[in-house]
Amino acid sequence: MLENLIKDFKEIFKYSGEVERFFSPGRVNLIGEHTDYNGGFVFPCALDFGTYAVVKKREDKTFKMYSKNFENLGIIEFNLDNLIYDKKDDWANYPKGVIKTFLDRNYKIDSGFDVLFFGNIPNGAGLSSSASIEVLTAVILKDLFKLDVDIIEMVKMCQVAENKFIGVNSGIMDQFAVGMGKKDNAILLDCNTLKYEYVPVKLVNMSIVIANTNKKRGLADSKYNERRTSCEEAVKVLNNNEVNIKYLGELTVTEFEKVKHYITDEEQLKRATHAVTENERAKIAVEFLKKDDIAEFGKLMNKSHTSLRDDYEVTGLELDSLVEAAWEEKGTVGSRMTGAGFGGCTVSIVENDYVDSFIKNVGKKYKEKTGLEASFYIANIGDGAGKVK
């Protein structure tokens, strides 16, 4: 595939010399949802599909960007001296935001580059196509301009780009998983301290199956920011009653039970309940995984979905239909929505002998309930972003 992309790059940019190649994965979160911005634990892994880039450094200050996923937009061009959010630049605002964030932190970027992107992550599926292109851009900048910057710092700058430049209040999980991914491992990440641990995911005769609702959704204008605000308000209420925390993720379920009566707003209470219980589920689930107890891990995935449905209310008809159909299937170890919600994807662990029937039956039931066709992917856990030799 890379050979074809190089060929396309040379045709589009009318160039015949040497080029650089990079890859950045998508990610799926196995458990610990909407906990990252609540200072809690998440458990994502990088996928073996993602975003590819073919790049050539330029002598001037122009950036020329082309995406095989948005060919109708042609080459999007902007200048190093004028890095502002521009709606007409569409997807290219993501790399642009990363470049600006690097410059704002005084990293020396003195010229532009030509780049061809191609992603085989479905856009809007909640598998972090945006974090993938952000971290990919950071890796390109480090390599082309020989920058002295470590991957964790790059990940943080990508989150800043998404928060400040794009305007989505996302936590650090997506960029961290994309940048720090490790083959056959998921990452237990404490989003408050950024302490992390690689945990091998040993699925014997089982697969991770991702199902895409194919429901259109926009993260920036969805109810994502509302949920975050509710949790922040709950923290304020607790602090006014001398609980003294920065994030809900600092409370155990037992501690929360003792103080939750202070939160009188019903909606805030439900949101806070999810944040605290999901954080505990993530920690317990990882302990089961370390003992190779996939059955218990799966049960906690199911409980996670129920909490996201009932307390956090971020699922909706499409995600619930996929998950409930999955729960009815023989061979399903666990199934839940993954990502921000309101559409996007589910993640399931399914016994290999039943994967074909799972895809067929869940797809059929989903179409009957929603009128939409779901897409299914068997996910392999891959490495984080880097240069391709």
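Quick reminder: no glycine exception, Cβ is built from N, Cα and C everywhere.
Residues or ranges marked as site 'Transition state stabilizer' by Swiss-Prot on the basis of sequence analysis: Arg27. Its Cβ taken as reference, Arg27 (site 'Transition state stabilizer') is surrounded by 35 other Cβ atoms within 10 Å in the chains shown.
Sequence annotations record features per position, and here Swiss-Prot assigns substrate binding site to Glu33, His34, Thr35, Asp36, Tyr224. The Cβ of Glu33 (substrate binding site) lies under 8 Å from the Cβ of Val42, Glu278, Ser304, Leu308, Tyr312, Arg336, Met337, Thr338, Gly339, Gly341, each of which sits 6+ residues away along the same chain.
The Cβ of Ser129 (ATP binding site) has 24 neighbouring Cβ atoms from other residues within 10 Å, across all protein chains displayed. The ATP binding site annotation in Swiss-Prot covers Ser67, Gly124, Ala125, Gly126, Leu127, Ser128, Ser129, Ser130 and rests on sequence analysis.
Taken residue by residue with DSSP, Ser130 (ATP binding site) is part of a helix. Summarising the annotation, Swiss-Prot assigns Mg(2+) binding site to Ser130, Glu162 and lists sequence analysis as the type of evidence.
Over all protein chains present, the Cβ of Asp174 (active site, proton acceptor) has 30 other Cβ atoms lying within 10 Å. Here Swiss-Prot flags Asp174 as active site, proton acceptor.
Restricting the binding-site residues Ala125, Leu127, Ser128, Tyr224 to those with a CA within 10 Å of the CA of Asp174 (active site, proton acceptor) leaves Leu127, Ser128, listed by sequence position.
When the Cα atoms are compared, His34 (substrate binding site) and Arg27 (site 'Transition state stabilizer') turn out to be 15 Å apart.
In space, Arg27 is the closest of the recorded positions Arg27, Thr35, Asp36, Glu162, Tyr224 to Leu127 (ATP binding site), judged by Cα positions. Neighbour counts of Cβ atoms within 10 Å were taken for the binding-site residues Thr35, Ser67, Ser128, Ser130; the minimum is at Ser67. The subset of recorded positions (Arg27, Thr35, Asp36, Glu162, Tyr224) lying with their Cα within 10 Å of the Cα of Ser129 (ATP binding site) consists of Arg27, given in sequence order. In this structure the C-alpha atoms belonging to Asp36 (substrate binding site) and Ser128 (ATP binding site) are separated by 14 Å. Of Ser67, Ala125, Ser128, Glu162, Tyr224, all annotated as binding-site residues, the residue with the shortest Cα distance to Arg27 (site 'Transition state stabilizer') is Ser128.
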